[in-house]
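Below is one structure, written out as structure tokens; comments come after it.
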Amino acid sequence: MPTVRLFTCFLQLLTGLVLPAVPTTQWALSPGNISSEVEVVPFQQVWSRSYCRPVERLVDIVSEYPSEMEHLFSPSCVSLMRCTGCCSDESMHCVPLETANVTMQLMKYRSLDQPFFVEMSFSQHVRCECKPLWEKMKQTRCGDTISQR
């Protein structure tokens, strides 16, 4: 087990050296930005940023590949585009209209085994739309998915 911890620390250190530093963002009322005026975000911008659309999300690899629970991956999550956001009315929800597969190279290993590179495919959401919630409920009954024909 100490070997795995050492290897994980090594990967984190290596990642920190390779990736550029991300600048921190200041909030409107942070101590470094004291002002009596508060910027108001216009409605159109608020609407466009909150409406149903694909947004970058960090997704755990094991949640996409539950059969791989006995393995460790580096990184343990990947960045994918996923549908999220609000719809024009409460009876609707945001769902993918179009998806595409993306293949990523990851490092895979078991506790004492030598790590190796693998290529894994993930589904990304390309286009999203708002659909009625009743369509979602119609497809599931008592937690079991009904197959679509």
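Even glycines carry a Cβ here, placed using N, Cα and C.
The disulfide bond feature in Swiss-Prot is assigned to CYS52-CYS94 (among others); the stated evidence is similarity to another entry. Around CYS52 (disulfide bond), the C-beta neighbours below 8 angstroms that are at least 6 residues distant in the chain are CYS83, THR84, GLY85, CYS86, CYS87, CYS94, CYS128, GLU129, CYS130. The DSSP secondary structure for CYS52 (disulfide bond) is coil.
The Cβ of CYS83 (disulfide bond) has 21 neighbouring Cβ atoms from other residues within 10 Å, across all protein chains displayed. The annotation disulfide bond is assigned in Swiss-Prot to CYS83-CYS128 (among others).
Marked as disulfide bond by Swiss-Prot on the basis of similarity to another entry: CYS87-CYS130 (among others). Counting every protein chain shown, 18 other Cβ atoms lie within 10 Å of the Cβ of CYS87 (disulfide bond).
Under the heading N-linked glycosylation site, Swiss-Prot lists ASN33 (among others).
Per Swiss-Prot, N-linked glycosylation site is recorded for ASN101 (among others), and the stated evidence type is sequence analysis. If you take the C-beta of ASN101 (N-linked glycosylation site) and look for same-chain residues 6 or more apart in sequence within under 8 angstroms, you find SER121, PHE122, SER123, GLN124.
The signal peptide annotation in Swiss-Prot covers 1-18 and is backed by sequence analysis.
In terms of local Cβ density within 10 Å, CYS128 ranks first among the disulfide-bonded residues CYS128, CYS130.
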